[in-house]
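A short write-up of the structure that comes next.
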Amino acid sequence: MQGQESQTVTEQPQDGKKFGYGIDSEGKLKSLPIWSFAQPHMMAFHLSWLSFFMTFMATFAPASLLPVIRDDLFLTKPQLGNAGVAAVCGAIAARIGMGAFVDIVGPRYGTAATMLATAPAVFCMALVNDYSAFTVVRFFIGCSLCMFVCCQFWCGTMFNVRLVGTANAVAGGWGNMGGGACHWIMPGIYEGIMKRGVPSFQAWRWAFFVPGGIYILNAFSTLVLGIDHPSGKDYRDLKKDGTLKSKGAFWPVFKCAMGNYRAWILALTYGYSFGVELTVDNIIVEYLFDQFGLSLTVAGALGGAFGMMNLFTRASGGMLSDWVAKYWGMRGRLWALWIVQTLGGIFCVVLGVVHNNLTATVVVMFIFSIFCQQACGLHFGITPFVSRRAYGVVSGLVGAGGSAGGAITQAIWFAGTAKWQMSLQKYDGLKYMGLQTIGLTLVLFLIQFPMWGSMLTGPREGAQEEDYYLREWSAEEVAQGLHQGAMNFAVESK
């Protein structure tokens, strides 16, 4: 079985400035200078979120042109619902697999491989001519959403533990903007092509060559410009010089992640923040187009604004997580997540209630997007602390929970395949989705860390961070020093 590597930097000066900014004992950046492209930290940051942005844009590009595509392919409501479910289902297994993949080969190769493997599916959207082909292509494009794992893993590798919530949230949020940007960009490309005399049934197909081409360009840019590790080296060099020490065989790492109940709870609740966002990205343009009789351009502009709120909302969630942790530690992070996600569920219900008023719908949609997307950022202020040995797999599992939540929610409330669903309007689905979010978010009260406590209880007497992370390693592995990276993290997390 192929081994995996941990991120252990040797001989890094405490609080040094090797790369022009303050770094910690692991070589990780202690600030987030977003205007910088300095190697290796900030270049990795920008490559990670740009890659995620493109996968989001391509996945929801069909949704942005749905009123045109459904008329051209003669798609029914149940067929549109199934295709939307397929788009987010593709990422479920892919995200879990990507977590293991980046642990082995590093985030740079993980990013490039994802883009190159799924670019053909983006191009193939131009060739679909029926429901089956449309659904299959949406599924394979959706697999590229596993880029989220590369994005979060890369940022987790590059930024200090006290900043990781903010860095993950900013990168993830800016990547999520692709789900909103596509509703602005794709209709514009489509209409621009039509103005040059191309008929509608060809114009929407030609539009998909733009994201497909950018996939390939992005993959090669990542290979040329990206660096895996704070030391300034990639995984191959770090393996050769021994900087990265093996985590052992893959199976023990996988069991470490799958056996940690905290990862499963976060996967469930992430399904009702990020999963809800995926669902809204899939339905919002069609909903505004049909419910209020708007043009495709106007519906796309308003619907796209929901996703574009990620410019600051998800980042503010990560910042909130890091801020409350300064005063109340992990318990503060958990309480903040529960409060914000519950508010998101409440405003999702309200969004369905005000379905007869366009102004109220737009206002509530903006408020709903703030809480929904902040909750996404808050999740990844907690996820890095669940496991150090299986950080990549845990990130993949939580990310997969988001995709699974989106698929399940869309299948229940928006697919329209069962007889009882046929009469269900989209605004009814929004109300029920909000209620579901409120109820399932309560499971956060079950998360407990021995050294930090839970939302309702304090830490266990005598419990230390080192003890929690050390239990993931056997005595033989400890004797070999394979646990040292986790111990460095434990010290930084105090």
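Including glycine, each Cβ sits where the backbone N, Cα and C put it.
Which of 7-26, 27-46, 167-186, 467-486 counts as transmembrane segment depends on TrEMBL, and there it is 167-186. Long-range contacts of the transmembrane segment (360-378) within its own chain (CB-CB distance under 8 A, at least 6 residues past either end) are made by residues 165, 168-169, 172-173, 176, 270, 273-274, 276-277, 280, 284, 288, 291-292, 302, 305-307, 309-310, 313-321, 333, 336-337, 340-341, 343-344, 347-348, 350-351, 354, 402. Touching of the transmembrane segment (206-227) and the transmembrane segment (81-102) is ruled out by the presence of fewer than three CB pairs under 8 A, sequence neighbours closer than 6 excluded.
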